[in-house]
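A quick write-up on the structure given underneath.
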């Protein structure tokens, strides 16, 4: 991985934006450069910018990235371009690929937390194409790690080298050296693995002990106990079978009694229904008489309708004739008035048209004058308004110039005051830059104080834990003794139960008893299924026989109904043929009548309109015979209607009888099939019984077998239930024994752990005491440094945190100083600007006064020209509004023209309407004569029909007519009533026969309530029996489960012992309670490898020394001095320069160790140079100059001034005003180039 460039802005004291390119001159030319500047200038911020741009994290002090953003900056960013080696998938060649990673964050501009930071964001693109690779705060660091082969921790150890850590490592005591090595090399995982292996071995050992104790506590039934339970279960099954037989018998009797009671109720209800229908028939006779009268009068409906229609036509024609006769005189008067109005309108329109033609030229000329005057007036008004506006602007500008003069004087005085204040407070000029370093020192002090507080709290916690562990250890020993005593008590309590269980089995086994019970249960279930099948076969056979008798009884009435319907259908067909002949004859007579109607109008000597003949031989032979034929057609239609009603009623009755007969036949077939199916199912069920019953479809025999099976099952179940009770009690005792045994084992296992915990607590307390001394010393150092910063500002560090007030005071002073300096700059700039503005405004005022005088003279000339135009207009036409007068003339002429058009239209309409009404009067008189003749004919026809039907007048016939809905309702009511009477009579006969047939069985004399009470009592007894059966079965099932669990537990115990041995072997190799066994071994290997890599670098720096790991001290290093005959020297004997070279070699070695999978071509070395004396510094710089030839780009961070002479290429960070710093690159000639970017 090679860093190409970094571009950033608004990070700490570097507002930027800045761009530093490591691949450009002069840095690329030398490969070795220094990052220099005074303390607090922002040198380390450059490394922070690289780290946050790549990984979104800051390496120093575990700071949050938000703390890097410069105060008051709206946003901040860091953009790092880097280069990695990648294999081309197409060619297989290794290529250099460049990427650019960007981190950025912005402040919030609204909301309650306005000014706070939004969530930071990161993106990764190809460079220079800017093609996106990935984005997101999690995804970008992960992708950078994948590309470079370095995660953040490895990047910090291999690229951002902290040489000072190894300087401390060389001279630290053994405990601190172990902690530093673990932190630098990340081998802490081995300590955790050691503890985990030890704890896992202990856990597996405890699991094995608990499983063995659980298996030892498992209590199984003996064979005698199981046999006794099985025998008890068989007895209970026999009793259950006996209960079942009794239940079946009572159920059959209850069903018979219920059906008989239901038939009795239905018979009583049907008898009441027959009586109700008979009473209803008497009540409906008046309605039926009304229906008969309506039927007789309905034959006259057509003549009555024809007379009524003729009368309506006659009345309508008479009314129309009266209306026309009254309207004709009025229409004649309206036509005369319209002619007079038309003449007057024509004269008025001609007069108005002549006046308009005479005045039009004069008015047009006047309008032209008015338009010119209006345009001149508008222009004059605009010019005058512009002049007035210019005057107002001039006056406002004069007032603003006066106000500006006053403001300029005030700003000059404010400038003098600010300059005096800044001179008095010149000592605060560097306060803002010092705030950063002071903040870091306070953070370090707070860290130390937190570490002290944490360790004090931990020490108090450990002391409390130690006391609690002692109490727990005492309690566990007491619990162990109590558990052993409880085990013996449980053994004594279980002996009576085992004795009773053996007595119940009596030589058999629980398994045999259970098998016998199961066999009886299966036989009882088959018999319970067989009994309903046998009863169903018997009942269905009886039902089929009863339906056969009903079918035979209904055959004769059905045949009679079919014969009657056939006879009526024959009569209806004959009537239809007769009706058809009547209709054909009627149509012939109606055709002849139409010809005769024409003959009545023939005149002698006049041609016929149909044939043109002049002689009319049949004119005198006209006779009217069609009415008599129509009467015959109507009578035949009425006769057919009555016949249809009768046929419909008989057809409905026949359909009902046929449907009922088909239903009986279908039920008979279903009953026969059901009986056969039940017998077949009964035989199939009986085949599973041993021995097989001879007549399985005999309900009595099946009931006897069922009773016997119930008794046997009840006996077996009783035995099994008692055994279940005993087994349940024994199981409870076994559980209690197991619990006591597990409690004893747990206490036995817990006691060594508690003892070990006490030893670990004592060790950790000793370690905490040493750490507390170290952190107290660190806190004292930080407090002294902070006090040195505060002394020039006459402030004192508070004795205890928090220190926010102190920082706020300093920040307030720094901010106020910066605000005053900014205010001076602002005021000075304003004074310069205001001077220029004041001079320009005075010149503008003079120019405006000249323009105002010229505009006033132009306005006077325009006023004179406008007065001359107005005098010329008055001389031509003195009127005020010629346009309105012209419009009035046009409107008057147009209104008269419209009036003339309306008068013409009204005259034409009145004349046309008068002619139409006269023609209509003539036609209506002719039509009225024809309708009078037709009305007289219909009256004669109605009188003949009334006489034939036996009615004196038409009113008598109409009185008998009913509304169509009422007549139809009565007809349907009579039909439904007759049908209901017949159906009720048949239902009464059927129910009487069914009740007598069912009562002949006489199964029991008891009532329904008595039978129900007996059945409920038997069910309650059976519930108790089933509970006993369940208890015995459950006890046997528990024993089966216990046997299976014991077999499974033995197999599991073998597997657990193998697993435990594996972990015990691993714990013997690497495990320990404190984790030091494996951790020290891994640290020793790591330190050996690190020394080997460091020696490779040390030979490049100097050939005098070789680092050596002490053979018998795991974490101690020595050095071989080749210049002194390979003398082995301790690290403490090295001078400052020599220690620097060794620690630098170790840092470079760690870089290769951490990045062993990555090619690292950029190194940044921080810390260590400020503590070297001049001789040691020269030695270190000589070594670094030799190191640059290894092909790596090396950057050194230091504020030591001597580096300027030895390293010519530098990145110089220089503090400026307001706490902000600038960045420049200096080449070997001393030429500076700014790193400021756009």
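Here the Cβ of each residue, glycine as well, is placed from N, Cα and C on the backbone.
Remember, TrEMBL labels are computer predictions, not curated facts.
Among the features that TrEMBL reports, domain 'Rad50/SbcC-type AAA' is placed at 20-246.
Among the features that TrEMBL reports, coiled coil is placed at 230-280 (among others).
Look at TrEMBL and you will find 626-653 (among others) tagged as coiled coil. If you look at the coiled coil (626-653), the same-chain residues 6 or more away from its ends with a CB under 8 A from one of its CBs are 299, 302, 561, 564-565, 568-569, 571-572, 575-576, 578-579, 582-583, 585-586, 589-590, 592-593, 941, 944-945, 948, 971, 975, 978-979, 982.
Outside the region 'Disordered' (655-683) by six or more residues, the chain places 530, 533-534, 536-537, 540-541, 543-544, 547-548, 550-551, 554-555, 557-558, 561, 696-697, 702 with a CB less than 8 A from a CB of the stretch. The feature region 'Disordered' is assigned by TrEMBL to 655-683.
Residues annotated as compositional bias 'Low complexity' in TrEMBL: 660-676.
Panel annotation: around the coiled coil (716-757), residues 202, 205-206, 209-210, 213-214, 216-219, 221, 225-226, 228-240, 465, 469, 472-473, 476-477, 479-480, 482-484, 486-487, 490-491, 493-494, 497-498, 500-501, 504-505, 510, 513-514, 516-517, 520, 1025, 1027-1036, 1038-1039, 1042, 1073 of the same chain, lying at least six beyond its termini, place a Cβ under 8 Å from a Cβ of the stretch. If you look up TrEMBL, you'll see 716-757 (among others) marked as coiled coil.
Summarising the annotation, TrEMBL assigns coiled coil to 842-927 (among others).
Confidence annotation: the domain 'Rad50/SbcC-type AAA' (20-246) carries a mean pLDDT of 81 in the model. Across the region 'Disordered' (655-683), DSSP assigns 29 helix, 0 strand, 0 coil.
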